[in-house]
Amino acid sequence: MRTPVPHRVATTLITLVAPLVILGVAALVAVSWSDQLPDPVAVHWGTDGPDGFGSLASAIVPMLVVGALLAIGSWALAFLAGHASSTRRIAAGSSLGMSALLAVILLGSLDAQRGLTDATQAPGITTTLLVAIVAGLALGALAAVVTPGDGDQPATQPIAADAPRLTLGSTERAAWRRSAFSRTTLVVGIAAVLVVLVLTVVTRVWPLGLLALALAVLLLTMVAFDVSVDERGLVARSLLGWPTLSVPLDEVVEAGVATVHPVKDFGGWGYRLGRGGRTGIVLRGGDALEVRRTGDRVAVITVDDAATGAALLNTLADRARARR
Amino acid sequence: MLLRIDPSSAEPLFEQIGGQVRALVARGELPVGTRLPSARDLAESLDVNLHTVLRAYQELRADGVIELRRGRGAVVASAPDHGPLHEAISALVATTRRLDIPPATAVALLKEALR
């Protein structure tokens, strides 16, 4: 029996309605300015100011279409496969964040052209880009924060009898530890930060430096994780302490070992959403600790010696359930 | 690494923890430079007193098994090659079994000899 996806109303409001309202209002405001804007308006900027021009509609429509498609896609993902709060948060954050970014770029670039008769006189959009990135990040983070969490969902069934176990005396306590590190993420991440830094200096579009900083922080949150299995359940904590993925013992349905192909299963490396709504900490290909948890959620962590971690998690979960 | 302790055992908990880390390092399962969990974290993990883990770590440091570095916590220190020791232990175990000597007797003799 499939558990229904929780918090569908909140998901729809945050991930679909709010972004569409932002995009719609931005489009209406832009249309209301049509008398004050030059025709054509500047719609594209190079390093030396505006270099692409078009009708007001050609500025509004692509923004609306891209924003709406992103919102609808994110909403569909969260509505249909958002069993885990991480899925819903990532969808809500991308959807609302992108709509804010697009709306600010549209309104900022047009606002600077109000009162002009010739769009070639339009000023640069560096400040607009900066404001748009900050607004996008802020609203994205806000959307992720206000998205409701999963709440406690204790399991009612015992762990499957054929799941791997570890022999543990009745008075024994055990803890399993492993550090997982991603060479791919480190190499690709450093390359990306360097490319953006070089671009920033070459183009002198300084807000890009902000993007380099954001990428560097993102890299630090995704490159290394400490994984532990003990009485607290499974906890995978990033180098920076965030993000953290944890599965308490009473929410473990079954732990095992799975083989992960980063690109095929998760579309890349890092803390990711995978096929079938799986939440993954993907640091390399190969063996991974896979935990099926209550509420039709699945957590995957690529870590060495996953078999021992899975066996201990099942064993400790058995014990926790016997204590209840 | 998998650490297991048994509070009902006569062996003190800090020795149980220290002994397992020693064995893991000696067998090469914890290579040089491996970061061990912080004492606080491990104490919570095993549900033991912080001082139990600190004592285990202190003794491991005294014996040169780990280094305690400020900011980085406990790190496995470089150690001499244990290969010949493993061979000697295998020989010892084989001889003990061949002569049908109880393990406790063999361990007692070994402890005495190392003293």
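Even glycines carry a Cβ here, placed using N, Cα and C.
Per TrEMBL, the features are as follows:
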- A:22-61: domain 'DUF1648' (DOMAIN)
- A:12-33: transmembrane segment (TRANSMEM)
- A:53-78: transmembrane segment (TRANSMEM)
- A:90-110: transmembrane segment (TRANSMEM)
- A:122-146: transmembrane segment (TRANSMEM)
- A:180-202: transmembrane segment (TRANSMEM)
- A:208-229: transmembrane segment (TRANSMEM)
Recorded stretch that, among A:90-110, A:122-146, A:208-229, has the most CB pairs under 8 Å to the transmembrane segment (A:53-78): A:90-110
Residues of the domain 'DUF1648' (A:22-61) by DSSP state, where helix covers H, G and I: 20 helix, 12 strand, 8 coil
Tertiary contacts of the transmembrane segment (A:90-110), as residues 6+ beyond its ends and Cβ separation under 8 Å: 11, 14-16, 18-20, 22-23, 25-27, 29-30, 33, 37, 41-43, 45, 56, 59-60, 63, 66-67, 70-71, 74-75, 77-78, 82, 122, 125, 127-129, 131-133, 135-144, 146-147, 273
Predicted model, mean pLDDT over the domain 'DUF1648' (A:22-61): 92
